[in-house]
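Peer 1: According to Swiss-Prot, the feature substrate binding site maps to 8, 9, 10, 11, 12, 13, 68, 69. Look at Swiss-Prot and you will find 38, 68 tagged as Mg(2+) binding site, backed by sequence analysis.
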């Protein structure tokens, strides 16, 4: 059984990681441990590189705390231009897989508050009245009328980031 450390306590991220690992390695093939670790970047990262650095830092910090695991996984959400997206970073002892998620264009009224220094989650919670929306459907769920959620978009990116771990060509 694979021991997988999720460098997050966010239920949407954990759900995406668990589902993707089960789809790739088989149902019941993984035990998931969830831990809170620092990203080393601002609460609301801006740009692809800062966001990717946050995910990489979370993986490194998770590895330091739980070095006996088989996989360490982090998902870091960020703002790039007028959109929100995330980076997924997965490592085992010998390699790394990374993938960027789909992007969601954000309305100007939301972007204005984020650019003033607020994190997207709290801005969206105020806008929607949904407490801790970032731990639930997120802006993605709201602006896609529930057709997608944070977890569903993260899930795709986790599947992509897992590609090097089950394909010999890598």
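Each Cβ is built from the backbone N, Cα and C atoms, and glycine gets one as well.
Context for these features, please: burial, neighbours, distances.
Peer 2: All protein chains included, residue 10 (substrate binding site) registers 22 other Cβ atoms within 10 Å of its own Cβ.
All protein chains shown were included, and the count of other CB atoms within 10 Å of the CB of residue 68 (substrate binding site) stands at 7.
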Peer 1: Would you kindly give the Cα-Cα distance separating residue 38 (Mg(2+) binding site) and residue 13 (substrate binding site), rounded to the nearest Å?
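Peer 2: So the Cα of residue 38 (Mg(2+) binding site) lies 16 Å away from that of residue 13 (substrate binding site).
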Peer 1: Could you list the residues of the same chain, at least six apart in sequence, whose Cβ is under 8 A from the Cβ of residue 12 (substrate binding site)?
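Peer 2: Those within reach of residue 12 (substrate binding site), by Cβ under 8 Å and sequence separation of 6 or more, are 134, 135, 136, 137, 138, 149, 150, 151, 154.
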Peer 1: Out of 9, 11, 13, 69, which has the highest number of nearby Cβ atoms, where nearby means within 10 Å of its Cβ, if these are the binding-site residues?
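Peer 2: Answer returned by the neighbour count: 13.
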